[in-house]
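Inspection log for the structure reproduced underneath, given as structure tokens.
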Amino acid sequence: MGFARPLCVFITFLSCLISSVHGQAAAGTRIGFYLTTCPTAETIVRNAVSAGFNADPRIAPGILRMHFHDCFVQGCDGSVLISGSNTERTAGPNGSLRGFEVIDNAKTQLEAACPGVVSCADILALAARDTVVLTRGTSWQVPTGRRDGRVSVAANANNLPGPFDSVAVQQQKFSAFGLNTRDLVVLAGGHTIGTAGCGVFRSRLVNNTDTNVDQTFLAQLQTQCPQNGDGSVRVDLDTGSGTTFDNSYFNNLSRGRGVLESDHVLWTDPATRPIVQQLMSATGNFNAEFARSMVRMSNIGVVTGTNGEIRRVCSAVN
């Protein structure tokens, strides 16, 4: 989805961003929420994520995607972490999420250090930021103070943004949560790290006559993902830079090298192409833009105050 310098200017206007998403006052979230109640919280999460990343770097895009999927279903309440039959975790779009064990590890350590204080929703929001840093992005300050939701139903995940969504459909899904078209394109830049299974997108490789698609790249994908081949084979979403958080994803889109149709159309649609052009430039400041949009997204429908709960374990309600 790298950052090159501290986002000092960005931090000065966090408060207005935090309060602007989907009518959510988000008065319960703020930077440094745990400074007095659990001062080592962010360090514990960071160390747990780092350990998980060192064991398996694939958890970085996995956790970042997990945070997206959590926020786009009932808000950022940690509901995607709950296990069991018919939970969000079992929904089709969440089948390939990874990194749950990293969140669980962080929670176990936090419960030992500060019992009943740090929510799973906050752990996930912090971990998502930390995965960007570990893939050579730059850090930003994450407002905390979310509480955990108690409801997790698979059917609620049916309206997550999908790999074949048009720009219009993506705009509709993002605007439902108070996010604009710029947020949409910027957050799609998270695809600068991670992969997609051939089974997710290979249908678009058949009889593709779109002249905006790089034909050499199309042939490459057809070789990697034959129609009768293994659908679980993974392909980098950002060709040539799939493990580094940078703006090369947007450059690939401009060259007709978007793997998913939902990514490809960000270049071909006039509503989003100018934003892609800005973000792919050296002066586009994708890093700061991503941080800004992540703060906005991470405050969708947050549970604060006396609502919800602080789970003792992230995979189950109390």
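In case you wondered, yes, glycine gets a Cβ from its N, Cα and C as well.
Note: TrEMBL annotation is automatic and uncurated.
Annotation source TrEMBL lists signal peptide at 1-23.
Residues annotated as domain 'Plant heme peroxidase family profile' in TrEMBL: 28-318.
Here Cys114 (disulfide bond) comes close to Tyr34, Thr37, Cys38, Thr40, Ala41: these same-chain residues lie at least six apart in sequence, with C-beta atoms under 8 angstroms from its C-beta. Annotation comment: TrEMBL describes Cys38-Cys114 (among others) as disulfide bond.
The feature site 'Transition state stabilizer' is assigned by TrEMBL to Arg65. Counting only residues at least six positions away in the same chain, the Cβ atoms of Leu97, Gly190, Gly194 sit under 8 Å from the Cβ of Arg65 (site 'Transition state stabilizer').
Annotation for His69 (active site, proton acceptor): spatial neighbours Val80, Glu88, Pro93, Asn94, Leu97, Ala157, Leu160, criterion Cβ-Cβ under 8 Å with sequence separation of six or more. For His69, the entry in TrEMBL reads active site, proton acceptor.
Here TrEMBL flags Asp70, Val73, Gly75, Asp77, Ser79, Glu88 as Ca(2+) 1 binding site.
Remark: Cys76 (disulfide bond) has His67, Asp70, Ala121, Leu124, Ala125, Arg146, Met297, Ser298, Asn299, Ile300, Gly301, Val302 as non-local neighbours, by Cβ distance under 8 Å and separation of at least 6 in sequence. Marked as disulfide bond by TrEMBL: Cys71-Cys76 (among others).
Look at TrEMBL and you will find Cys120-Cys314 (among others) tagged as disulfide bond. In the shown protein chains, 24 other C-beta atoms lie within 10 A of the C-beta of Cys314 (disulfide bond).
Annotation for Pro161 (substrate binding site): spatial neighbours Phe72, Gln170, Lys173, Phe174, Ser262, criterion Cβ-Cβ under 8 Å with sequence separation of six or more. For Pro161, the entry in TrEMBL reads substrate binding site.
The Cβ of His191 (heme b binding site) has 26 other Cβ atoms within 10 Å, all protein chains considered. If you look up TrEMBL, you'll see His191 marked as heme b binding site.
Annotation comment: TrEMBL describes Thr192, Asp238, Asp246 as Ca(2+) 2 binding site.
There are 23 other Cβ atoms within 10 Å of the Cβ belonging to Cys225 (disulfide bond). Taken from TrEMBL, the feature disulfide bond applies to Cys198-Cys225 (among others).
Recorded residues Gly75 (Ca(2+) 1 binding site) and Asp238 (Ca(2+) 2 binding site) have their alpha carbons 27 Å apart, per Cα-Cα distance.
The 10 Å shell around the Cβ of Cys120 (disulfide bond) contains 30 further Cβ atoms across the protein chains shown. Report note: the Ca(2+) 1 site is defined by Asp70, Val73, Gly75, Asp77, Ser79, Glu88, and the residues of the same chain whose CB lies within 8 Å of the CB centroid of those residues, excluding them, are His69, Cys71, Phe72, Gln74, Cys76, Gly78, Val80, Gly149, Ser152, Asn156.
Comparing C-alpha positions, His191 (heme b binding site) sits nearest to Cys198 among the recorded positions Asp77, Cys198, Cys225, Cys314. When averaged over the domain 'Plant heme peroxidase family profile' (28-318), pLDDT in the model lands at 97.
Note on proximity: of the recorded positions Cys198, Asp238, Cys314, the one nearest Val73 (Ca(2+) 1 binding site) is Cys314, by Cα distance.
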